[in-house]
Amino acid sequence: MELLDVDGAWLYTPEIMRDERGEFLEWFRGRTFQEKIGHPLSLAQANCSVSRKAFCAASTSPTPPPGQAKYVTCASGTVLDVVVDVRRGSPTFGRWAAVRLDAARHQGLYLAEGLGHAFMALTDDATVVYLCSQPYVAEAERAVDPLDPAIGIEWPTDIDIVPVGEGTPTHRPWRRPRRPGILPDYEGVPGALHRGGGRRGTGP
């Protein structure tokens, strides 16, 4: 597993065995995960999202503290998956990292509790599957506008992006929700174990 430029975000690249019958891989290994992260992934919910090309969704901490850790993979098509550090007090607060997840490499992306998550479908029928450490709580969701220039995510310029949730009460500009009580705090988050460095705005 490779530590990305956002603290608490890791990328796993599985070994894929291919022959005339097809292919086989392990897109998640509990032992490898625990050795790198320092604790097991608690599984409370598994989600599957199928999106048309150009649709983009983002959320920050969709459960009460400490938040919801996620382990994400793309089962079909291709997505640009983005991690944003929205945890107050984090050494990488405000930074983002983006990776292309697709059905060819079958990589897995881990996001620690409290990290913001956004993805954009680069193909039709892009299928994202993710394991969650806590159940989703709709009334606790806090979404940040993924297209806000204050964050500066470098989305593809050759696709007309269709943001999901734009204009809803929880879909805030980036600067507004920095006050206490809206964004999650870094201290006490179980996933805040590896304090990586990095640059603001790391692209794929």
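A Cβ is built for glycine as well, from the same backbone N, Cα and C atoms used for every other residue.
Swiss-Prot lists Arg21, Glu26, Gln45, Ala46, Asn47, Lys70, Glu141 as substrate-binding residues, and of the candidates His39, His117 the one it assigns to that same site is His117. Taking CA atoms as the reference points, Arg21 (substrate binding site) and Tyr130 (active site, proton donor) are 26 Å apart. Rounded to a whole value, the Cα-Cα separation of Glu26 (substrate binding site) and Tyr130 (active site, proton donor) is 14 Å. Long-range Cβ proximity for Asn47 (substrate binding site), meaning a same-chain Cβ under 8 A and a gap of 6 or more residues, is found for Val129, Tyr130, Cys132, Tyr136.
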